[in-house]
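Student: In case it helps, Swiss-Prot gives these features for our protein:
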- H160, E169, E296, D321, S373, H374, R375, S376, K397: substrate binding site (BINDING)
- E212: active site, proton donor (ACT_SITE)
- D247, E296, D321: Mg(2+) binding site (BINDING)
- K346: active site, proton acceptor (ACT_SITE)
Amino acid sequence: MSVIKSIKAREILNSRGNPTVEVDLYTEKDGVVSSFRAAVPSGASTGIYEAVELRDGDKSRYLGKGVLKAIKNILEVIQPAVIGKSVSDQAAIDKLMIDLDGTPNKGKLGANAILAVSLAVCRAGAADRNLPLYKYISEIAGTKMRLPVPAFNVINGGSHAGNKLAMQEFMILPVGAKDFNEAYRMGSEVYHNLKNVISGRYGQDAINVGDEGGFAPPIQSNKEGLELLKLAIEKAGYTGLVKIGMDCAASEFKVENGYDLDFKTKNNDGSAVISGEKLGDLYREFIKEYPIISIEDPFDQDDWESYTKLTASVDIQIVGDDLLVTNPERIKTGIEKKACNALLLKVNQIGSVTESIRAALDSKNASWGVMVSHRSGETEDTFIADLVVGLGTGQIKTGAPCRSERLAKYNQLVRINEELGENHNYAGLTFRKF
């Protein structure tokens, strides 16, 4: 049995150039010491109900975004409590850390402190059982493994890019691929066709990329973004095989009297502000005109009524991210209100592996879909690739097929696909059936 011997914690930079937490967890078994590393992501568009990401607030250092407080909590509070504990009991260690924090939102120790240790413990637990991480997660969750449909974010807008596009992500989902490797290739080929379309229409300056590797062209309307995707899919030869998804991140453009589709223009005249009802009509028009199969965060995180109306009126996947923040209580409310039909699973929104698994299983029990997700501020850590296979949720979004912190996850899925061989099961058209 491997037990925790010590923890090292450090401040590293994520893909947005901001500090985040990384830990090395040291274990001992039969006199042999091993180490397991984990790093925590962070978001740009964050829901107000997310667990607390503890930052230092010292403006003279990293503009207040340092994480030395979280690191101190790992070394001085969490480490003494977990030394000698078995890494094979993920739930017990997670509960211990949550109890040490004692707040409903992990505001004392920081979700970034707790999660870093939780992820490392999970890796150590897998090694203790001599199992690949994805297989270990499958066993502790009681789920069936399968390879996910990747949702590649290929056009960036909203808070992820400097253009005027209100909605945050325009994605492609290769649901018609026969396996993950083919889906990966389809995504890459559509991405490069999109690059050619954008550069031909807007010039070379337009193919700069956003935080998640997607292009950020100077387009003015959301419909224009959908047209570009449709054309790129056609040029790649994958019409009917590659579908479209959107993450609207509507909480980012919610204003007092509605939703401002021109929110990135300061002091605008308000002519682009529409009601939740009109915004719902816009989404229904998009669904009729384009091969859209998934829309995430179509409304503000507190606009339950608009969510419920849209979900009842369409047959596509409606995903709750800021609405649910991977929180069991918010998920329960969403199920009761029939506000959406899928969860976006972000481990740092809730702050531990055990709670993330619970959120996925609660969603599964409600016949919801579950899409595992990265954050815009990522690291080279590949945990979520193993998580999505182990849970078998059938769908993952972790950016474009571009930028190393995004490709680290996709490339890990290629390796897992290879390891599983003929035993793998690509979600494909059944991606919503978790």
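Note: Cβ is positioned from N, Cα and C throughout, glycine not excepted.
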Student: Among the recorded positions E212, D247, D321, S373, R375, which ones place their C-alpha within 10 angstroms of the C-alpha of K346 (active site, proton acceptor)?
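Tutor: The recorded positions close to K346 (active site, proton acceptor) (Cα within 10 Å), listed in sequence order, are D321, S373, R375.
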Student: Take the mean position of the Cβ atoms of D247, E296, D321, the recorded Mg(2+) site. Which other residues of that chain put their Cβ within 8 Å of it?
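Tutor: Near the Mg(2+) site, beyond D247, E296, D321, sit Q168, E169, M246, C248, A249, I295, D297, V319, G320, D322, L344, S373.
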Student: Taking Cα atoms as reference points, which of the recorded positions E212, D247, D321 is nearest to E296 (substrate binding site)?
Tutor: D247
Student: Including all protein chains shown, what's the count of other C-beta atoms within 10 A of the C-beta of the residue listed as 'active site, proton donor'?
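Tutor: Its Cβ has 31 other Cβ atoms within 10 Å.
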Student: Sort E296 (substrate binding site) into helix, strand or coil using the DSSP assignment.
Tutor: strand
Student: I need the CA-to-CA distance for E212 (active site, proton donor) versus R375 (substrate binding site), whole Å please.
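Tutor: About 9 Å separates the two Cα atoms.
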Student: Is it possible to get the count of other C-beta atoms within 10 angstroms of the C-beta of K346 (active site, proton acceptor)?
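Tutor: A 10 Å sphere around the Cβ of K346 (active site, proton acceptor) contains 25 other Cβ atoms.
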Student: Just to verify a number: CA distance, S373 (substrate binding site) to D321 (Mg(2+) binding site), in angstrom, no decimals.
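Tutor: Cα of S373 (substrate binding site) to Cα of D321 (Mg(2+) binding site) measures 10 Å after rounding.
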Student: Return only the integer: C-alpha distance in Å from D247 (Mg(2+) binding site) to K397 (substrate binding site).
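Tutor: For D247 (Mg(2+) binding site) versus K397 (substrate binding site), the Cα atoms are 11 Å apart.
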Student: Could you measure between D321 (Mg(2+) binding site) and R375 (substrate binding site) for me? Cα positions, answer in whole angstrom.
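Tutor: Pair distance, Cα basis, whole Å: 11 Å.
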